[in-house]
Amino acid sequence: KLLDSQRQELAGVNAQLLEQKELQERALAMLEQERVATLERELWKHQKANEAFQKALREIGEIVTAVARGDLTMKVRMNTVEMDPEITTFKRTINAMMDQLQIFASEVSRVAREVGTEGLLGGQARIGGVDGTWKELTDNVNVMAQNLTDQVREIASVTTAVAHGDLTKKIERPARGEILQLQQTINTMVDQLRTFASEVTRVARDVGTEGI
């Protein structure tokens, strides 16, 4: 009986050990399945992110091609739910750049049309929040427009004065190139008119007053 009792105890212990082993194997299997599932999810996320990035690159390539053709209206399409926040930031940066290009082109065209075609002097490009090359280009456009405005207005002032009989004014604003030649021509004309007027006045005075 003692031996049978010991055998039963050993059988019970062995059953418990087998049960524990089976539980451990199940737990390990579940852990392995979870690890595989997690890996598959990560691989799926990376695959989707790569596909989204490739799609964004294709769209950006299309935009660059459009810009090269002079089309500034295209933008990168923004998805409602973006997998990768870096891709979203990248797209927003590209679209912001396109907005800046549109504004810059529009303002430069407006100033050129107003000053060069419509004769509206004093026009300035108004582009807020720009730095670097964009600011330099904007400043150069505005300086060019302002210089042209100042030079044309001074030429108009001198010629108007001449038309009103004032031959004392001359163009003194610094200039270069053809504008300088035009200023020199007008100043020479004013000098000649003043000399001519002085001679006519002298002759009239000599003949009419002094009888010479």
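Glycine too: its Cβ is placed from the backbone N, Cα and C atoms.
Predicted automatically and left uncurated, TrEMBL annotations should be read as such.
Under the heading coiled coil, TrEMBL lists 3-41.
Annotated domain 'HAMP' per TrEMBL: 51-106 (among others), in sequence order.
Annotation comment: TrEMBL describes 146-198 (among others) as domain 'HAMP'. The DSSP breakdown of the domain 'HAMP' (146-198) into helical (H, G, I), extended (E, B) and coil residues amounts to 40 helix, 0 strand, 13 coil.
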*Average the per-residue pLDDT over the domain 'HAMP' (51-106) and send me the rounded value.*
84
*Please spell out the DSSP helix, strand and coil residue counts for the domain 'HAMP' (51-106).*
40 helix, 0 strand, 16 coil
